[in-house]
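Copied over from Swiss-Prot:
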{"type": "CROSSLNK", "residues": "Lys21", "note": "SUMO2 cross-link"}
{"type": "DOMAIN", "residues": "42-124", "note": "domain 'SCAN box'"}
{"type": "COMPBIAS", "residues": "124-135", "note": "compositional bias 'Basic and acidic residues'"}
{"type": "REGION", "residues": "124-182", "note": "region 'Disordered'"}
{"type": "COMPBIAS", "residues": "163-173", "note": "compositional bias 'Basic and acidic residues'"}
{"type": "ZN_FING", "residues": "220-242", "note": "zinc finger"}
{"type": "ZN_FING", "residues": "270-292", "note": "zinc finger"}
{"type": "ZN_FING", "residues": "298-320", "note": "zinc finger"}
{"type": "ZN_FING", "residues": "326-348", "note": "zinc finger"}
{"type": "ZN_FING", "residues": "354-376", "note": "zinc finger"}
{"type": "ZN_FING", "residues": "382-404", "note": "zinc finger"}
{"type": "ZN_FING", "residues": "410-432", "note": "zinc finger"}
{"type": "ZN_FING", "residues": "438-460", "note": "zinc finger"}
Amino acid sequence: MALALIHPSKRAYSLAPLNLKEELQGFKVQGDRKGVGQEPLCKQFRQLRYEESTGPREVLRRLRELCRQWLRPETHSKEQILELLVLEQFLTILPRDLQVQVLEHHPETGEELVGILEDLQLDRGKAGEQKDSAQRSRPTVLVGEPAPRREAREQPGCALPQKPEERGKETRSENGNLIAGTDSCGRMESSCTMTEPIEAQCEDLSLKKNPAMPKEKTNSQCLETKERLVQNSGLIEHDRAHTGEMSWESVGSQSSVAADHQEISKDKGHPCQECGKVFQRSSHLIRHQKIHLGEKPYQCKECGKVFSQNAGLLEHLRIHTGEKPYLCIHCGKNFRRSSHLNRHQKIHSQDEPRECKECGKTFSRALLLTHHQRVHGRSKRHHCNECGKAFSLTSDLIRHHRIHTGEKPFKCNVCQKAFRLNSHLDQHVRIHNEEKPYKCSECNEAFRQKSGLFQHQRHHHKSKLA
C-alpha cells in the first residue's frame, strides 16, 4: 500500500506531535553522552547483532519489538513515521561536526533541519570572508629588517644614520653641503628638502636609536590659533584637530566597529511578514510563524492541552509524570523547570527576607514580594461567574474555577489519585516516597508538611517558642 505524501512546505505545520527529542538524542557524539543510561531505541534497532540472540526467531521478535517501540504505529500516522525515518536518515549521513551543531537546535521537522543547515553554511561563509579580509588588511612586514629602518623606508626623504661599512661615497659642494651620495650598492641618493613633519619623525627615529641623546626643545606655532607647542610631533597632532584628519589607528578601529555592525545587521535577515519581528535563523522564524497560523499540533494525551511546539508539550508532560530533573545542590530540592531552579537558588544567596510594607508579610525573593504587592495596589477586577468572588490575578481565578468544575488535572502516577493544585500533588507524592523534608530543630523529628511541624512545635516546644 502506497504511503500518502504531503507537500514538504505544509508538513512542518500539519504533523501531529512527534516526540523527536528522544529519538534525536541517539545521534549525539559519544563524548556528549556521558551519564546517559539506555541506548536510544533507534540505535538499538540499527545496531542489533545476530550473534547476540539465541536464534533467528528471537532476532525477528526482537527487531519487531524495537521497531514498534521506536516508531509507535499505534499513535503515529504513516506520514509521521515517514517523516521520522527521513529525519533519522538525514541526521545519520551528516558529518559528525554538523550532527553536533544541528542537535543543539533540536529540529522537529525536516524543514527545520534544512533551515538550520542553511544557516550554518551561511555562518561558515561569513567566517571565511572575515578571515580573508583580515589577512588582506594586515600590513606587509619585511622579515629581518629592524622596525626603525622599515619606518624610514616608508618615508623617502628620511635618511637613517649609516654604519661605517655601509657608507658609500658622498659628493659635497664647496660649502660642505651634501649634494648626492652613493650607497653600498652604488645607487645614487639625491638630496631633497624635507618638510617639517618628516623632520619631526626623523628626529623621533634618531631618539629611538640613541635614547641617551638629549632632545632639543623647539617652539612650533599653530597657524590657526597661534598656540606654541614644544615639539613638532605635538604640532602634527594639534593640526589634525583643525583639519579633521584621523590617524590610522583611529580609522582602523572605527572601520572594524562598522564592519562588525554590518555583520550583525546582515545576520538578522529573516523577518516575519505578520508582525515584522526579525530572526537570525530561518528555523527560528518557522517556529515563530506557528503562533500566527494558530497551529497547535502537539496535544497532551492526559488533559488534552495543545501546544505549538514539541518542546512546550515535553515540558508540560512533567506535570503529569511528576518528573523534576533540575536539582538544587544546596538543599537537594528538585524542580520541573530550570527557571524555577534559578529563582530558588537566590534563596541560598540572600540573607535577609524581604518584607511587605503594607501587611508586614515576609518573602524570600524579591519576585514573590513584587507579585504579592499587586494584591494591595490592584483592584480585584476578575470575578467568578459562579459565586461572584473577585480576584486580582487571572491565575488565581483559574485555580478557583476548578472548585466549581471539579477539574483535577494533577494525577499521581503511583495510586492515580488526582488533585486540583500541583502543590497538593507534591505533598501527596511525599507519602509514597516517605519524604519528610520539614525537621524540628529541637528534637529532630521530621514531618511531610510544614503545618505538621508548626503543630508539633506549638504542643511540644511551646515554652521555647515563647
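Here, residue 1 is simply the first one shown, and the rest follow in order.
Each residue, glycine too, has its Cβ placed from N, Cα and C.
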Segment-segment contact (the zinc finger (382-404); the zinc finger (410-432)) at 3 or more Cβ pairs under 8 Å: yes
Model confidence over the zinc finger (298-320), averaged pLDDT: 85
Residues from the same chain, set at least six apart from the ends of the zinc finger (438-460), whose C-beta lies under 8 A from its own: 427, 430-431
DSSP residue counts for the zinc finger (382-404), split into helix, strand and coil: 11 helix, 4 strand, 8 coil
DSSP residue counts for the zinc finger (438-460), split into helix, strand and coil: 11 helix, 4 strand, 8 coil
